[in-house]
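**Student:** Before I ask anything, let me first share the structure, which is written out below as structure tokens.
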Amino acid sequence: MNREMLYLNRSDIEQAGGNHSQVYVDALTEALTAHAHNDFVQPLKPYLRQDPENGHIADRIIAMPSHIGGEHAISGIKWIGSKHDNPSKRNMERASGVIILNDPETNYPIAVMEASLISSMRTAAVSVIAAKHLAKKGFKDLTIIGCGLIGDKQLQSMLEQFDHIERVFVYDQFSEACARFVDRWQQQRPEINFIATENAKEAVSNGEVVITCTVTDQPYIEYDWLQKGAFISNISIMDVHKEVFIKADKVVVDDWSQCNREKKTINQLVLEGKFSKEALHAELGQLVTGDIPGREDDDEIILLNPMGMAIEDISSAYFIYQQAQQQNIGTTLNLY
């Protein structure tokens with residue numbers, strides 16, 4: 001008896017539609033709804049670090065298993081590695097990985113897929129979905145901090161989903177990377193004004209929507225940098241000072257248990273008695289289902305602190321897997 005599974009490399013995923021934001025928005029809307037309805041299984045993700053005490057926060061391999069129920073039930077795991085100096089030292093993308101999908105009926109593997117494109121695009125979809133609920137309607141000014149793959153896909157997805165963006169403020173600690181990023185995007189979208197800023201404060205203070213896409217292990221964004229009505233999607237987790245959590249009008253997370261883990265900023269604040277689950281406005285899925293309202297005032301400063309959830313990766317991968325099957329894309333592998 002033979003069993004087959006589908007292998008999809010990055011080119012296959014792109015060919016199946018995985019380089020555009022809508023499939024991820026659709027997949028995450030379903031995954032976040034399942035999260036809000038508690039129709040999922042998602043163990044806390046373990047971090048494999050070669051130097052747990054002294055290593056860089058972005059140097060790790062993470063295992064992210066999950067099962068999602070509902071109409072498109074699927075199980076799987078993302079295994080994703082990261083080295084913060086891959087781009088600067090090795091001219092490689094910071095992160096790389098694979099996703100394995102399993103048929104929930106048999107638990108047999110049905111697909112192996114390149115993970116870093118899916119991971120970066122689903123992360124961008126988190127910001128897109130959050131912005132639909134938490135950003136000011138018709139916002140025009142977007143800020144991107146960090147010009148790597150994550151920043152690129154965040155910008156791509158925001159521009160695909162919001163046609164009212166007029167200015168994009170960009171900052172990266174490497175000025176040459178920032179200049180290349182701005183020049184490339186200015187050529188692609190000449191109707192939008194892309195502005196390379198001198199420092200992070202200038203970029204943040206100009207953004208109605210601010211998205212962090214760095215590998216920093218130290219906070220640098222101060223509350224007073226944020227303009228009234230700003231929404232900040234703290235994708236890279238470590239960028240904002242604790243005072244932003246305390247002073248923001250609303251704090252939203254993707255999953256409380258993931259965000260309240262040991263050594264995470266929220267956990268530190270909880271242990272210090274400065275934050276609690278009761279102080280949390282909502283989990284993102286509760287906004288998607290309408291159980292809790294998003295933005296209620298144009299002057300609110302709102303912080304999203306998403307740790308990233310396996311259900312987002314597995315749901316996205318399954319949507320792309322289905323599209324690849326329909327289009328006969330990929331390589332069939334024999335399990336035995």
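Backbone N, Cα and C define each Cβ position, glycine as well.
As listed in Swiss-Prot for this protein:
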type	residues	note
ACT_SITE	Lys78	active site, proton donor/acceptor
BINDING	Arg122, Lys242	NAD(+) binding site
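Each of these features: where is it, how hidden is it, and who are its neighbours?
**Tutor:** Neighbour count (other Cβ atoms within 10 Å of the Cβ, all protein chains): 27 for Lys78 (active site, proton donor/acceptor). In this structure, Lys78 (active site, proton donor/acceptor) is part of a beta strand by DSSP.
Under the DSSP three-state reduction, Arg122 (NAD(+) binding site) is assigned to helix.
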**Student:** Counting Cβ atoms within 10 Å of each candidate's own Cβ, which of the binding-site residues Arg122, Lys242 comes out highest?
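**Tutor:** Answer by Cβ density within 10 Å: Arg122.
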**Student:** Roughly how many Å lie between the Cα atoms of Arg122 (NAD(+) binding site) and Lys78 (active site, proton donor/acceptor), rounded to a whole value?
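**Tutor:** With the alpha carbons as reference points, the distance is 13 Å.
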**Student:** Give the distance between the Cα atoms of Lys78 (active site, proton donor/acceptor) and Lys242 (NAD(+) binding site), rounded to the nearest whole Å.
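**Tutor:** The Cα atom of Lys78 (active site, proton donor/acceptor) is 30 Å away from the Cα atom of Lys242 (NAD(+) binding site).
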